Amino acid sequence: MSVVDQKQQYNLNKLQKRLRRDVGQAIADFNMIEEGDRIMVCLSGGKDSYTLLSILQNLQKSAPVNFSLVAVNLDQKQPGFPEHILPAYLGELGVEYKIVEENTYGIVKEKIPEGKTTCSLCSRLRRGILYRTATELGATKIALGHHRDDILQTLFLNMFYGGKLKGMPPKLMSDDGKHIVIRPLAYCREKDIERYATAKAFPIIPCNLCGSQPNLQRQVIKDMLREWDKRYPGRIETMFRAVQNVVPSHLSDFNLFDFKSITHGSEVIDGGDLAFDREELPMQPVVDIEDQPNYQSERLDIIEVK
């Protein structure tokens with residue numbers, strides 16, 4: 001192996017280790033996977049779901065609990081959908097899988113006028129089919145491929161357009177109240193997933209086969225966050241930490257905190273008015289050490305990318 005190949009392998013190993021660490025931490029923090037779980041991994045053919053399946057398979061080998069995986073793809077009969085790609089890939093991978101064929105594309109085209117965004121109806125139909133499939137397969141958890149950037153984008157979408165301080169939960173009960181949905185990539189950065197997908201040469205299937213107009217608001221938010229990440233290194237990390245460090249007494253939601261009960265003699269909560277002023281905030285957000293140009297790991301990572 002040449003020096004260049006060795007360096008590439010080393011970088012890939014380090015990247016995989018980082019993703020394993022982030023996924024493992026999210027699983028532990030939110031108790032996503034338990035002993036005996038049967039995890040239905042929703043596979044769209046995009047970089048996120050491929051990475052999710054790959055990392056979960058990798059974690060299976062060393063996880064402290066036993067769990068099984070079944071990959072599920074919904075073939076919505078979109079024109080040009082390459083039906084052969086996923087069965088060939090999953091068959092070679094050796095993972096249990098199921099391809100569900102439902103002509104939701106035809107239903108959406110019939111209901112939504114030409115030129116209008118079809119994503120909302122399409123996602124509702126897809127969600128119902130996946131819930132039904134999870135029941136048929138005896139899955140105890142449904143795993144989706146949303147990552148940290150998706151969570152932050154949703155937070156800003158709700159703030160800017162919905163008037164809500166609401167993001168995307170790493171774990172939740174499904175709409176029908178019968179399934180637990182998990183997002184093991186919740187701590188993973190999209191740029192890490194992109195690099196991993198490229199390195200693993202996943203057979204990516206385009207997400208715009210339906211011809212629907214993209215969610216323009218989400219794209220605006222995505223572009224904004226990417227620009228911030230370039231201009232202000234560490235800002236994205238700091239914002240995500242904020243989502244995990246909420247202080248209800250210093251917001252204005254009276255359903256979340258009982259402001260009416262505060263009277264003379266009440267105890268000072270979370271530092272009172274001085275909670276913000278006392279803190280010495282850094283001039284620049286803290287950047288992940290592994291993003292530093294001259295960062296060198298103190299030990300070799302022997303986890304091989306396979």
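Using N, Cα and C of the backbone, Cβ positions are placed for all residues, glycine too.
Features reported for this protein in Swiss-Prot:
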type	residues	note
BINDING	Cys119, Cys122, Cys210	[4Fe-4S] cluster binding site
MOTIF	44-49	motif 'PP-loop motif'
* Out of Cys119, Cys122, which has the highest number of nearby Cβ atoms, where nearby means within 10 Å of its Cβ, if these are the binding-site residues? -> Cys122
* Structure fact -> Helix, strand and coil residue totals from DSSP for the motif 'PP-loop motif' (44-49) stand at 3 helix, 0 strand, 3 coil
* Per DSSP, Cys122 ([4Fe-4S] cluster binding site) is which: helix, strand or coil? -> helix
* Please average pLDDT over the motif 'PP-loop motif' (44-49) for the predicted structure. => 96
